[in-house]
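Residues or ranges marked as substrate binding site in TrEMBL: B:123, B:124, B:139, B:146, B:147, B:148.
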């Protein structure tokens, strides 16, 4: 289940549901550190269109905690994603 | 961009059930068929006069479109902790005796159980309410995703949240299918 540990200087990012469809992968490693507020821009660069189609309705977790990074004045706007962190893109859920 | 391999999407699912069990709470994510009887047995108690069991099964249509199969995937560690937090909050809010929540992962054939919730309480009112609220909370919050494959091969990621669009798994680009809360 858990992806391979990120190599040094990288963090892991997990994609679920629509996010995994659009990226065509369930996880990958990206260079760390990365300011969390730049995460969506970074992903948009890598996967053009992902922001509007997927990320706009997604939440983000870092090390299993939800973080609020989407807006300029977000509470955790200064958060930095560090080497070895596990980030996840969480689309709207559909259990049951 | 082609994302067509996702019509054959096989979720990364655990091969064995993942469980977390205390005296009063049983949480389980499992690739196996759900066992509603064992959930019921877990919550049954001499101090509880009421046991309520909810069984959610997968439907064969969505908006009249025939669904051929379903698969659930999850962010397992986070889904386990969210389920556990729902269970403990139901336990204290409704003064339950016990609660069990079990969800299927992986392929779930049509008509089979995808979620089982069993609660017990001294009296029936609390058990009814807690059973319903536990299900609504789970559908709203637990990090599990359902891929509905329609006849003809097209797959759609469902979203429980009202007004949120589902994304076609084999397009992921411009086409979207509207979904609504069931």
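Cβ coordinates are placed from backbone N, Cα and C, and glycine is handled just like the others.
Structure coloured by features recorded in TrEMBL.
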residue: B:123; record: substrate binding site; contacts (Cβ under 8 Å, 6+ apart): B:49, B:50
residue: B:124; record: substrate binding site; contacts (Cβ under 8 Å, 6+ apart): B:49, B:50, B:52
residue: B:146; record: substrate binding site; contacts (Cβ under 8 Å, 6+ apart): B:70, B:71, B:72, B:114, B:157, B:158
residue: B:148; record: substrate binding site; contacts (Cβ under 8 Å, 6+ apart): B:62, B:67, B:70, B:155, B:156, B:158
(request) Can you tell me how spread out the substrate site is, meaning the largest CA to CA distance among B:123, B:124, B:139, B:146, B:147, B:148, in Å? (result) 38
(message) Less than 8 Å, Cβ to Cβ, versus chain A; work out which of the binding-site residues B:123, B:124, B:139, B:146, B:148 satisfy that and list them by sequence.
(response) B:139, B:146
(message) Is it possible to get the count of other C-beta atoms within 10 angstroms of the C-beta of residue B:139 (substrate binding site)?
(response) 19
(request) State the count of C-beta atoms found within 10 angstroms of the C-beta of residue B:147 (substrate binding site), not counting that atom itself. (result) 25
